[in-house]
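What Swiss-Prot says about this protein:
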type: BINDING; residues: 22, 23; note: phosphoenolpyruvate binding site
type: BINDING; residues: 92, 121, 122, 123, 124, 125, 306, 328; note: UDP-N-acetyl-alpha-D-glucosamine binding site
type: MOD_RES; residues: 116; note: 2-(S-cysteinyl)pyruvic acid O-phosphothioketal
type: ACT_SITE; residues: 116; note: active site, proton donor
Ligand code: UD1
């Protein structure tokens, strides 16, 4: 099993090109199922999760041509509507094929994603909303069997909580439903706007982009188009965090500052100089030790849960103390015991973590537990005294393209070892 060996103590300096967003690429790939003519997606990051979904969609009989940063799909060869447990269990986002399959073919069998390290993460909201659109849903032997006679019917849907995947699944179902669907309490993450924009290019009628109410007027069919995945705001924030924790200066390019204002505000509060360009962001920590900053994770446009672990890592060596409240997932502090092994001072009380900054961290063998948590361990290792060995980095490969090459280009001493 691959591991990272990181020697701490280097101030990161330089420029890093940000990839397309994993969390946008996945729903966009699922949306390709809706196109009745060939469709092309560009700026697709080369990641394990992307490969899993491409494989799952190819398993439906759809012709998938994946080369470099481009995926081309031709749905005319579709032969089944079945998403097997073997693929779905490795990635929860596989459930995103449910809405498009049902809307276009009136039938889908998709395995339930099952548990996940960062919480129970049910899909009840997805299923309830599809039923409201007229789907008949049965859950049997771990599979969701969804059918509809004729087309789905537009409906007024209010989610009980803000759900990113739920909003995406229902949006992809509603675009082909008969009549108007209103999705209330919709998630407003930039990846949802990206999905809505591609659907519009395909011929869908959607209003309310970037708001919590999406109004969809169903159309009979959608055509192919050529579309490019939005920049990864979480990858952007992660590399800026690497500059902040090491006291360095990093410029992220091919990104968009408007996607992560809440995170940039926190970096400024830490004492960093943040410069925003049209498609780049530079963070200069000027060799200083950051100030610890408190924050609470909430749906977009507030502070994203996917940046919580990385900002916690920066706080760990910060001046003073900070409280971090995690309100999206019930079990998303698994990086805390690992950071503590490196000398961090963190107290967890329910959904709050109180971090008291320490001046130095020491290298230790640690284990990645989930995708974003693994980046927090990389951050800690970049400043720890000595060589840190991070185990189970397959988690990191799910979401960070070319991570060691990108970090090396900024001066980091990082090696993949097996
Ligand atoms: C997406 C992101 C993930 C991010 C999360 C929150 C992708 C591929 N993943 O995950 O990186 O951390 O948004 O920003 O885009 N919930 C229910 N029932 C449901 C659906 C959700 O109870 O039917 C709960 C979840 O357990 C969780 C909360 O709602 O506590 C938010 O989940 P959701 O927004 O759906 O997250 P994902 O779409 O899975």
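Placed from the backbone N, Cα and C atoms, the Cβ positions cover glycine too.
Feature annotations (Swiss-Prot) mapped to structure.
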residue: 22; record: phosphoenolpyruvate binding site; DSSP (3 states): helix
residue: 92; record: UDP-N-acetyl-alpha-D-glucosamine binding site; DSSP (3 states): helix
residue: 122; record: UDP-N-acetyl-alpha-D-glucosamine binding site; DSSP (3 states): coil
residue: 306; record: UDP-N-acetyl-alpha-D-glucosamine binding site; DSSP (3 states): helix
residue: 328; record: UDP-N-acetyl-alpha-D-glucosamine binding site; DSSP (3 states): coil
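Checking the binding-site residues 22, 23, 124, 328 against ligand 1, the ones with a C-beta less than 6 Å from an atom of that molecule are 23, 124, 328. You'll find the Cα of residue 23 (phosphoenolpyruvate binding site) roughly 12 Å from the Cα of residue 92 (UDP-N-acetyl-alpha-D-glucosamine binding site). One residue stands out among the binding-site residues 124, 306 for having the most other Cβ atoms within 10 Å of its Cβ: 306. Within 10 Å of the C-beta of residue 23 (phosphoenolpyruvate binding site) we count 25 further C-beta atoms, all protein chains included. Between the C-alpha atoms of residue 123 (UDP-N-acetyl-alpha-D-glucosamine binding site) and residue 22 (phosphoenolpyruvate binding site), the distance comes to 20 Å. Cβ crowding, taken as the number of other Cβ atoms within 10 Å, peaks at 22 among the binding-site residues 22, 92.
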